[in-house]
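Undergrad: Got these off TrEMBL a minute ago, pasting:
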type	residues	note
ACT_SITE	Cys67	active site, proton donor
ACT_SITE	Cys67	active site
ACT_SITE	Cys215	active site, proton acceptor
BINDING	Asn6, Gln38, Asn58, Gly68, Asn69, Asn154, Asn188, Glu206, Arg207, Gly216, Thr217	substrate binding site
Amino acid sequence: MNGLGNEIIVADMRGRADRVLPAAAIALNGDIATGFDQIMAIHDPRTPGTAAYVEIINSDGSRAQACGNGMRCVVHALAAESGTTSYVFETIAGILTGEARADGLISVDMGKPRTYWQDIPLSEEFYDTRKIELQIGPIDAPVLHSPSAVSMGNPHATFWVDQDVWSYALDRFGPLLENHPIFPERANISIAQVVAPDHIILRTWERGAGLTRACGTAACAALVNGVRTKRTERQATITMPGGDLIVAWREDDHVLLTGPAELEFAGRFDPATGAWSRSEQDVA
Ligand SMILES: N[C@H](CCC[C@H](N)C(=O)O)C(=O)O
């Protein structure tokens, strides 16, 4: 599947006691036919009132706490299977809800942002995480600096720029910033250009996945950080390489992410090794 070009494998692990292992993720990502950004593993529910417990694995085998585009793909897949359009899920970051809308888009309540430095987390004490001391490039003329930091369950840094987001070598700066010691759990790194109070252009280097065509939690982080720094309204269109997402930071502090999800093809794979086969009936 994909969520706005963010390549997602949705794995149905219901009724099973095993998990998708990092080795399987690395093997699947090593095959051009199954290269992906995240695996969303749907497990039996652990908490009454939830439909499933969802584990998230990046293409480098690391586990993530949240994945907005991936959650939309999970809603899309389950709705296609059962016809039910509203879901409550549990992830390691907490409870979140998703809904397949009549217009074909999918909305996911990504929960509340965490802005306190220890919740992001950062390795140093910053009491104002709207603008932390982090820069890259020449010391007297940094290329990127003073990002806003927030957690959507996973850590994000939003660097504000006023040039075209494509004029920055994010493929070079991304890994340096992702692995910077200020982020003890690494971080997702985004470059954001605010073109209107309700419109952000965004590119993301994802923790554990690299450059992706869209990143749902980064879109949420950019909107929240845009409001915190008085650059944007509480709802905006986030234009990413794969297309547009709509993000709204509601008055109840929940962040709502709306966008598409698409099925590409189905198959089966071994959750321990990543050995896979494509299903006969092509569904794309
Ligand atoms: N790479 C992210 C997880 C996936 C985020 C992204 N694909 C999304 O749609 O939110 C992390 O390790 O925190």
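Here the Cβ of each residue, glycine as well, is placed from N, Cα and C on the backbone.
Distances, neighbours, how buried they are, the whole picture for these features please.
TA: According to DSSP, Cys67 (active site, proton donor) sits in a coil region rather than a helix or strand. Counting every protein chain shown, the Cβ of Cys67 (active site, proton donor) has 33 other Cβ atoms within 10 Å.
Cβ neighbour count for Cys215 (active site, proton acceptor): 36 (other Cβ atoms within 10 Å of its Cβ, all protein chains included).
In this view, Thr217 (substrate binding site) is surrounded by 32 other Cβ atoms within 10 Å of its Cβ, with every protein chain counted. According to DSSP, Thr217 (substrate binding site) is assigned to a helical segment.
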Undergrad: What is the interatomic distance between the Cα atoms of Asn58 (substrate binding site) and Cys215 (active site, proton acceptor), given in whole Å?
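TA: About 12 Å separates the two Cα atoms.
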Undergrad: Would you say which of the binding-site residues Asn6, Asn58, Asn69, Asn188 has the most Cβ atoms within 10 Å of its own Cβ?
TA: Asn69
Undergrad: Helix, strand or coil for Asn58 (substrate binding site)? Use DSSP.
TA: strand
